[in-house]
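Novice: Provided herewith is a single structure, encoded as structure tokens, for subsequent inquiry.
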């Protein structure tokens, strides 16, 4: 009777796996990005970062003040500002400074990228469910303990531990889902899972802002980490006790024989290097905004609560942009050649750039409107970049190339924002954020445009290739994916057991399932 009931409910197992993996990923990303929202409260308690004159009385609107607090750089002048005897400025930690930038970026990224490569290799050899359980348990405990820290270096160390655990989420979960879900649903499943990035990042705004203000039990910002850690712990337990290791499936080129390809020869192609550099600059712009958005709007608009606006823009519009980018790349641009894909990439970032500038230039209402427009176009980039990458590298080293590409992109993109602090001391915080955020969008546009000329143009008419062949067979061949012959080893010879004696190679559409770091 019990086995019969289990059989009837077996259809729920696959969506259950997706739900557990996605919620676990959201918890990890929430823990990752919480520091950007709680940094001011954390800095005040742990004594790190810069101090500045800030508005501390929300009863007054900015236009009612005789002078803006941010104008004063000397502490005693800051304390002298008042309206009818009510002091409206305070000299305190503002959550910024070199210590914050180290905490938000390098301390996490350095460990995350290295462990991502290590755990990705291990995932091909060992039980992925058990490994994912351990990884989720590690970052869950690290997030919990972040709520108990007493010193700045405790926070640095725990973010490194958290990064080591979270690094396994994507490669391990991707492998599990690839073996559970059929190819016809795989793209949708990966999209839902990778939405966890936007889920965690977007949820960090209301959680970090409003839970901290509630000061539950007098714990302030610490409650945010306790709650996130408990959620991650629950997902770790569910992963370890209710998920089972699926049988590994041969997917794409893994089922076929492979010719030897020199990885360095692939990586050092000018078009690969240019694409990697352009993507790194674009990623740096996105990470700059991710780590500074809440602090920036709190500093310049202290009397306007933008928490829910930021939540809606990042989760809603950002997610739509990701989906639209994939549709544009796959449905409308795919048949026009790789060069057209890169052109689409450059155009999307070009459209996003002026609105990105507007989001850090205008007053709150127009800042949120331009931010939403910018996010829609800007977040198209990730899917298109990897659609291009998988088409310009040989099948035999595709996964390794993607791994190296992400390693470089995350290290450059995640660490460059540390320069926001020294530039802010020279030209001001607004100018620094504007340069590294919107400015890097613009620089990446130029780099993508240059990269476009190193790519192949439209392919010859497919009808010409069908002379002497069965047109029906060739049509089916084309529909399966894009022919990856833009790079071919010198010693490659068609197998006599391949797709007939005509020299055509078997083509399988393989899409990367890596996650964007904003």
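Heads up, residue numbers simply count up from 1 along the chain you see.
Placement of Cβ uses the backbone N, Cα and C atoms for every residue, glycine included.
As listed in TrEMBL for this protein:
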TRANSMEM  12-35  transmembrane segment
DOMAIN    17-456  domain 'Major facilitator superfamily (MFS) profile'
TRANSMEM  100-122  transmembrane segment
TRANSMEM  129-146  transmembrane segment
TRANSMEM  187-207  transmembrane segment
TRANSMEM  219-238  transmembrane segment
TRANSMEM  306-328  transmembrane segment
TRANSMEM  340-362  transmembrane segment
TRANSMEM  368-390  transmembrane segment
TRANSMEM  402-420  transmembrane segment
TRANSMEM  432-454  transmembrane segment
REGION    485-518  region 'Disordered'
Novice: Can you check how the pLDDT averages out over the domain 'Major facilitator superfamily (MFS) profile' (17-456)?
Specialist: 86
Novice: When you scan the chain for residues with a C-beta under 8 Å from the transmembrane segment (340-362), skipping those not six or more beyond its ends, what do you find?
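Specialist: Apart from its flanks, the transmembrane segment (340-362) reaches 275, 282, 285, 289, 296, 325, 328-329, 333-334, 368, 370-371, 373-378, 380-381, 384-385, 387-388, 391, 430, 433-434, 437-438, 441-442, 444-445, 448-449, 451-452, 455, 458.
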Novice: Taking the transmembrane segment (12-35) as the reference, which of 100-122, 129-146, 187-207, 402-420 gives the largest number of Cβ pairs under 8 angstroms?
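Specialist: Comparing 100-122, 129-146, 187-207, 402-420: 187-207 has the most Cβ pairs near the transmembrane segment (12-35).
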Novice: With a Cβ cut-off under 8 Å, give me the same-chain residues at least six positions beyond the ends of the transmembrane segment (187-207) that come close to it.
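Specialist: For the transmembrane segment (187-207), the far contacts come to 18, 21-23, 25-34, 36-37, 170, 173-174, 177, 181, 224, 227-228, 290, 294, 307-308, 310-312, 314-315, 318-319, 322-323, 326, 511, 513-518.
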